[in-house]
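Colleague: Mind looking over this structure? Questions follow.
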Ligand SMILES: [Zn+2]
């Protein structure tokens, strides 16, 4: 029996509005047991909660403020504490339903960052969300881009002990610092076209690897909508690199996800 967990996807994205039922049905056929729906900003929180209620026991909500906030389809900026202030009452309202706080993190991609203030603002937003996660006893679902080392260092400094680093783009040696801290790393289907992710998986112990799709992004083909059903592409590629069966990758990554997100254990029975 197939049983995967997609630890990070954006199922609330407008890309899925037209055919969400088909997308969910296909992901179940592909062996998905559960899907973690992460948020990027407060305006989509209600939609994520509504989706988790429409697909109970299958879509699990994570709410958080992403380090990069869209101003328009063409323009983005660093997250600010004001963005977080708008999000906090909604997080508080739904806290009992959440399986994690996310998507949170640091993104130092040059086009999103104009100065040191932007980086500091992202750090403050992440630090506050790390504290909220601790208070609620929830793990963090973490984004890091061009900021692998600062992200892992900040999490460790803040005493975070439960974190998923999604689509980590840093060096394997930096990832290994996260492994020492007990963090998990989720691998998207884009691994088939990313030498960096292949190198990362070579280094990471299977015991610290989870699966994700980051749908609609990070699919096997660039510019093509990614879907949760593609989760097996990650599992197959990891199995090749690690020289173990796909079943083994599935079993270990699913157990890892259940350990990291204990609320899933109560809701699904693998
Ligand atoms: Zn994401």
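Note: Cβ is positioned from N, Cα and C throughout, glycine not excepted.
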Colleague: Of 92, 103, 120, which one shares the divalent metal cation 1 site with 8, 10, 214 in TrEMBL?
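Modeller: Among the candidates, TrEMBL records only 103 at this divalent metal cation 1 site.
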Colleague: Anything within 10 Å of residue 166 (divalent metal cation 2 binding site)? Look among the binding-site residues 8, 10, 103, comparing CA atoms, and list what you find.
Modeller: 8, 103
Colleague: Enumerate the residues of the same chain, 8, 10, 103, 214 excluded, that satisfy the criterion Cβ within 8 A of the mean position of the Cβ atoms of the recorded divalent metal cation 1 site; list them in sequence order.
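Modeller: The surrounding set, listed in chain order, is 9, 38, 102, 141, 143, 166, 167, 212, 215, 217.
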Colleague: Between residue 143 (divalent metal cation 2 binding site) and residue 214 (divalent metal cation 1 binding site), what is the CA-CA distance rounded to a whole number of Å?
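Modeller: Rounded to the nearest whole number, the Cα-Cα distance is 11 Å.
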